[in-house]
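Q: Mind having a look at this structure? Questions to follow.
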Amino acid sequence: MKFIDEARIEVIAGDGGDGSASMRREKFVPFGGPDGGDGGRGGNVYAIADRNINTLIDYRYAKKHMARNGENGRGSDCYGKGGDDITLRMPVGTVVTDMDTGELIADLTEHDQQVMLAKGGSGGLGNLHFKSSTNRAPRQKTDGKPGERRMLRLELKVLADVGLLGMPNAGKSTFISSVSNAKPKIADYPFTTLAPNLGVVRVGPSKSFVIADIPGLIEGAAEGAGLGHQFLRHLQRTGVLLHLVDLAPFDESVDPVAEAKAIVGELRKYDEALYEKPRWLVLNKLDMVPEDERDARVADFLERFGWDGPVFQISALTGQGCEALCYAIYDYLAEHSDAHRAAEEEDLAADVRFRDAPPSDGGATSGGDA
């Protein structure tokens, strides 16, 4: 299935039904009084996170989603039926934003998390409500309220603990396939990876973390070169970034230091917060460097790159150094996960508007069709 991580949709909640202006008509009851019922409420539109969905492709083509209107009230004190709700199933990690106001409506981070996107209109009042001691036969009634109508932007950000950065052919796909259960396409040409890949790395019976591989970046990605830099959004939820560098490029004219600096520059252009995220340097393809030259080549790279953070030397192809790197990642995540989660929850509490859950009897369900 094609990977789609962005879509724009319109959601329209149902209108409330109109109240009824009716009088009781019954044999031997000459002055029956008002008996007009209220209109039914309009249906709501909900989003629910589903871990079995991993793309927004349904919403790329089905752009309008409408809940049903409430029915009008009738005589004999009959209330109109409420409109059926609809539920839109979306991947875990979807962010929903109102395109007109910029309001963050929902951040779906957990399976089965449910959020109201548009509220149905309330039903109108029947003339039964307007009866008084001075007005025994009221003709007044009210119309139902219109439901909310919104243009929404859906943006999928994959949920991972670790993100991989690097130029095309830096060995990111080889690394993730070496340390996890992911099976990405691997080939000796650039841009083999066209969509994010997720893999689970296990360092013990109950110890694991999720790693995300995104398509490679090149210099000028911010201006649309290569595949652009839009896939960087999938690294925004990670706890640490691994910057993979090809220390032994096939083309001897390619300077690994210049390529590494270009990646950092593109990262900063895209998002300052992502640039400030903890980042580790991973020097890959050591198996391609003669053993007696490794120390000198690594030292030269670090000096010219000006790096003073964590450094790991690996060969993703042979597995050399990968186990130590994975254990270091797990220890770091275990130490920092509580603080990272608390900060994320604090941000969401300030921005995300959660609404009431739908009634227990529920309504219609949609997987992307209106």
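Cβ atoms here come from the backbone N, Cα and C positions, even for glycine.
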Q: For the region 'Disordered' entry in Swiss-Prot, name the matching range from 14-34, 350-370.
A: 350-370
Q: N169, S173: which of these binding-site residues has the sparsest Cβ neighbourhood within 10 Å?
A: N169
Q: So, in DSSP terms, is S315 (GTP binding site) helix, strand, or coil?
A: strand
Q: In the region 'Disordered' (127-146), how many residues does DSSP assign to helix, to strand and to coil?
A: 4 helix, 0 strand, 16 coil
Q: Within 10 Å of each Cβ, count the other Cβ atoms, then let me know which of the binding-site residues K172, K285 comes out lowest.
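A: Among the binding-site residues K172, K285, the sparsest Cβ neighbourhood within 10 Å belongs to K285.
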Q: Round to the nearest Å and give the CA-to-CA distance linking S173 (Mg(2+) binding site) with G166 (GTP binding site).
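A: Spelling it out, the Cα of S173 (Mg(2+) binding site) and the Cα of G166 (GTP binding site) are 10 Å apart.
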Q: Please classify the secondary structure at S173 (Mg(2+) binding site) using three-state DSSP.
A: helix
